[in-house]
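Novice: I have a structure here, written as structure tokens, and I will follow up with some questions on it.
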Amino acid sequence: MEAKTIAMSLPSNRFSIFPTSPRSSFVSSTRFSRLPLKRACIGAVTSCSGVDESALTRWNPIVSTRRRLIPAPVRAIDSEGSPGLGKVKEYEEWDSWTAKFSAGANIPFLMLQLPQIILNAQNLLAGNNTALSAVPWLGMLTGLLGNLSLLSYFVKKKEKEAAVVQTLGVLSTHVVLTQLTMAGAMPMPYFVATSVVVTFGVILNCLFYFGKLSKTLWRLWEDFITVGGLCVLPQVMWSTFVPLVPNSILPGTTAFVIAVAAVFMARTGKLPEEGVKFVESLSGWTATLMFMWMPVSQMWTNFLSPDNIKGLSPITMLLSMMGNGLMLPRALFIRDLMWFTGSIWATLFYGYGNILCLYLSNCTSKSFFVASTIGLISWIGLALWRDSTAHGLNSPFRSLKELVFGS
């Protein structure tokens with residue numbers, strides 16, 4: 001999800017799983033009828049005329065995308081052969097490929113950060129500290145906080161590949177902030193506070209992923225990033241339009257009060273169950289919205305100062321489009337609306353959107369623009385087609401419908 005540093009940024013052990021949809025039980029006859037498997041034996045069942053419903057389980061995307069029931073090998077007892085195994089294999093293969101694509105997003109996102117890190121190091125060694133002032137530390141800090149929030153979101157869901165991407169985003173951005181502090185471009189107190197939060201955040205997420213952290217400490221950390229995210233988001237959005245609007249900390253202060261009140265009511269049982277779930281999802285959504293705001297901020301800057309667009313690199317925008325695009329199939333496959341929303345927004349509006357602006361401003365070639373357009377459309381089409389095939393759907397658009405509305 002990050003348009004620039006989302007290292008958002010994710011191979012793991014794969015198990016034999018029965019094709020299930022993230023939003024529905026699949027015990028129903030309508031979904032199960034999609035599989036050309038007339039009879040199946042699962043687990044200890046040795047003779048069956050249908051499907052042992054107790055062997056299947058409803059998949060909960062909020063709890064985990066990895067904690068799936070792992071039944072014994074599915075066997076089709078059909079005189080015509082076992083075409084059902086083909087569907088199972090397609091599902092498992094696409095499950096594995098989407099995870100690999102998501103992990104592969106590390107490459108373009110890392111390539112986005114390395115040039116800046118190398119350039120900063122060269123300027124520091126040459127004593128040219130003033131050059132580092134051109135890097136906006138506040139924007140880098142916002143991206144880092146977004147990565148940290150999304151890291152916790154994916155760790156909780158046990159999405160290892162996505163968590164690795166976010167960890168890379170946190171660490172690479174922190175390196176840049178360290179360089180800015182050495183050059184005097186970032187105030188030392190802010191850097192110290194940021195370093196403490198990053199250190200504790202990475203350690204707590206590692207402990208939680210491996211089951212070594214208590215639920216109480218994890219909830220405190222979730223509350224912290226929820227309040228922090230809700231404070232930063234409106235303040236960043238407001239600051240984008242300064243000086244057209246007064247320079248004020250009122251948006252962030254107001255959001256802080258509301259966030260503290262919401263978290264307090266959720267933890268003291270004064271909110272209904274749906275309200276508690278909404279509060280728990282706020283940290284992930286605020287981080288996603290922060291990254292979604294980046295292309296809006298960039299396009300607003302382009303609008304105010306059209307000449308500045310010449311400073312954008314087409315290759316950088318292409319890498320951003322590729323990094324976010326590689327995560328789209330995984331987000332669609334596991335039916336994660338928040339992840340998919342952030343990734344598709346960054347792919348279309350930050351990556352491709354800026355490529356379009358560069359082309360309209362005659363800052364890039366027609367062949368580069370056409371190749372980027374064809375590649376993007378083909379990739380999205382491939383993701384929709386393979387997802388519908390893996391889930392046994394009759395139309396690629398059914399995948400999008402299930403993603404947004406459920407089955």
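Using N, Cα and C of the backbone, Cβ positions are placed for all residues, glycine too.
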Novice: Tell me which of 99-119, 162-182, 225-245 corresponds to the transmembrane segment entry in TrEMBL.
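Specialist: Of the candidate stretches, TrEMBL labels 162-182 as transmembrane segment.
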Novice: What same-chain residues lie close to the transmembrane segment (188-211): Cβ under 8 Å, and 6 or more beyond its ends?
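Specialist: The answer is 137, 141, 144, 148, 151-152, 155-156, 158, 160, 163, 167, 170-171, 174, 177-178, 180-181, 217-218, 221, 225.
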Novice: Which of 134-155, 162-182, 248-266, 339-361, 367-385 has the most Cβ pairs closer than 8 Å to the transmembrane segment (278-296)?
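Specialist: Comparing 134-155, 162-182, 248-266, 339-361, 367-385: 134-155 has the most Cβ pairs near the transmembrane segment (278-296).
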Novice: Between the transmembrane segment (367-385) and the stretches 134-155, 162-182, 248-266, 339-361, work out which stretch tops the count of Cβ pairs under 8 Å.
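Specialist: Of the candidates 134-155, 162-182, 248-266, 339-361, 339-361 scores highest.
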Novice: At a C-beta cut-off of under 8 Å, are there same-chain residues at least 6 beyond the transmembrane segment (134-155) that contact it? List them, or none.
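Specialist: Same-chain residues near the transmembrane segment (134-155) but 6 or more away: 1-2, 4-10, 116, 120, 162-163, 166-167, 169-170, 173-174, 176-177, 180, 185-186, 190, 194, 197-198, 201-202, 205, 208-209, 221-222, 225, 228-229, 232, 236, 283-284, 286-288, 290-291, 294, 338.
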